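**Q** I'd like to ask some things about the structure below.
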């Protein structure tokens, strides 16, 4: 996002366009620089893939075929011409893969200038990929597995001294740490632990805080579960049939006035804000009330079942102007403290036990339906197991009668910030849910090009752009994956049986098993994890994997044609067959692009479902909606 912002700033964009949905008119806003930047990075995928395949296969036709596939794929064109994160992600991803294979090619001259250059560039690209999107982790895994294989291979090289071997390991480890250090938060720093936020980002205007918790203070409480959210309430009630019809209490992931609560004694309504009244501190074991500042209702629980979590109790806001009943009382306790000890803001991990039922206040982590504004469910759990879900931190603490101290004394370690930021990315990605009327998809849809995504225009009077891969290319890629597996297994069996091969066929076998194996592993790492994700998924999530399948197509068909023509003689005939096969693939790709290019560059007129539409004959699947 910062790279897009930089491109906009340099090209005169004023930062006022809301970017609510694809297809909105930019009007007077200067967007050319941002779109040009994304399009430039998208266009770099072609030379990156070309050079990667050329390095792995040492075959110019294989590299050219890969380049043709990416040049004439309607999906890559469409994705690259909009202001999106995907072309930036794929740029760094392909940059990392190219740098990795180039570094591998320098294995015979370790610690040379070229070796250090490509190793360093690999680290920079990995950091860029993780900084753009958390799925950049998949290419980190790819490079990591490749590195482990190479180090294992080097261990068997007896001409290499152990000191040189350990120096290689140290250099590679330093390179792999870089993406973890530089990988970004994806804009989710508000989910970090309170201590990290307040100290690292200096959110308070004076960089000071009140040290100990006191009665009458206005506070916010944050759940210690990763991205657990702030204790929150609002005027809306639980709907009929969902426990008692009382005020909702939830966990909210952002700063908000409805996160503010007043700490009061269990049996006193005295005005603790009076400057003349003495300050009384809250201590471990005290029984307190928490009054919601905006609605003046007390934090309350009872034996009605929670909205989503079975056998947990409902938590509500109850009472009028702070007056409620005995179900409003909570015992506050600090983990690892003795009775009577003071409670420290930001540092103390506290649990709130409901006096009447004995349950503990916690966040289940489950997202409430629309009636709960898709916030996180808060429950009172009768299972008294101490987990981050049932532990809380006091973050904001407002009490004008208390002195402030500097936050600098609480500065967290770099390791704490690093671990928390990456856990936040994992939690943030896994919790994404679809919006209303949003077109989502399943991972099995993607390789078969089952369903596209409408980028702009919804009817025949609109100028429509539709994200869909070139069907011929995508189905060719899919067939190639199966074909490659057959060739790879046959080649491995042949070598294992000790069959004598010519030097040319030995080289082809190396390309199939080593080069094709690396690319296939990249495809698997960028595709299979999506089957295990609970978050909302979209068609564009497959495009990084599609880059690998396209490179595999170039390598596989080039190898297959060479294997087949190896049985032909004279060599002139073999060259003609090889050239004819290559030319047929290229012409098929170009012709399919000619048919489907309006998907990327815009269509107008009747929808393809209308027989009078010029695109009607190209609607090969009923699920395509262009």
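Along the chain as shown, the residues are counted starting at 1.
Note: Cβ is positioned from N, Cα and C throughout, glycine not excepted.
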**Q** Of the ranges 451-471, 577-597, which one does TrEMBL list as transmembrane segment?
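**A** Within the set 451-471, 577-597, TrEMBL attaches transmembrane segment to 577-597.
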**Q** If TrEMBL is the reference, give me the range from 422-445, 542-565 marked as transmembrane segment.
**A** 542-565
**Q** Cβ pairs under 8 Å with the transmembrane segment (32-53): which stretch of 60-82, 116-145, 472-495, 542-565, 577-597 has the most?
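**A** Between the stretches 60-82, 116-145, 472-495, 542-565, 577-597, 60-82 has the largest tally.
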**Q** Sequence-remote contacts (6 or more beyond its ends) of the transmembrane segment (472-495), Cβ cut-off under 8 Å?
**A** 69, 72-73, 75, 447-449, 501, 509, 512-513, 516-517, 520, 523, 546, 549-550, 552-553, 555-557, 559-560, 563, 585, 588-589, 592
**Q** Verify whether three or more Cβ pairs under 8 angstroms connect the transmembrane segment (116-145) with the transmembrane segment (577-597), leaving out any pair fewer than 6 apart in sequence.
**A** no
**Q** Could you please provide the mean pLDDT value for the domain 'MIR' (279-335)?
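**A** Here the predicted model's pLDDT, averaged over the domain 'MIR' (279-335), is 89.
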**Q** May I have the DSSP-based helix, strand and coil counts for the residues of the domain 'MIR' (210-266)?
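**A** Split into helix, strand and coil, the domain 'MIR' (210-266) gives 3 helix, 27 strand, 27 coil.
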**Q** Is the transmembrane segment (60-82) packed against any residues at least 6 beyond its ends, judged by a Cβ distance under 8 Å, and which are they?
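**A** Contacts of the transmembrane segment (60-82) (Cβ under 8 Å, skipping residues fewer than 6 from its ends): 22, 35, 38-39, 41-43, 45-47, 49-51, 53-54, 455, 465-470, 473-474, 476-477, 540, 543, 546-547, 550-551, 553-555, 557-559, 582, 585-586, 589-590, 592-593, 596-597, 599-601.
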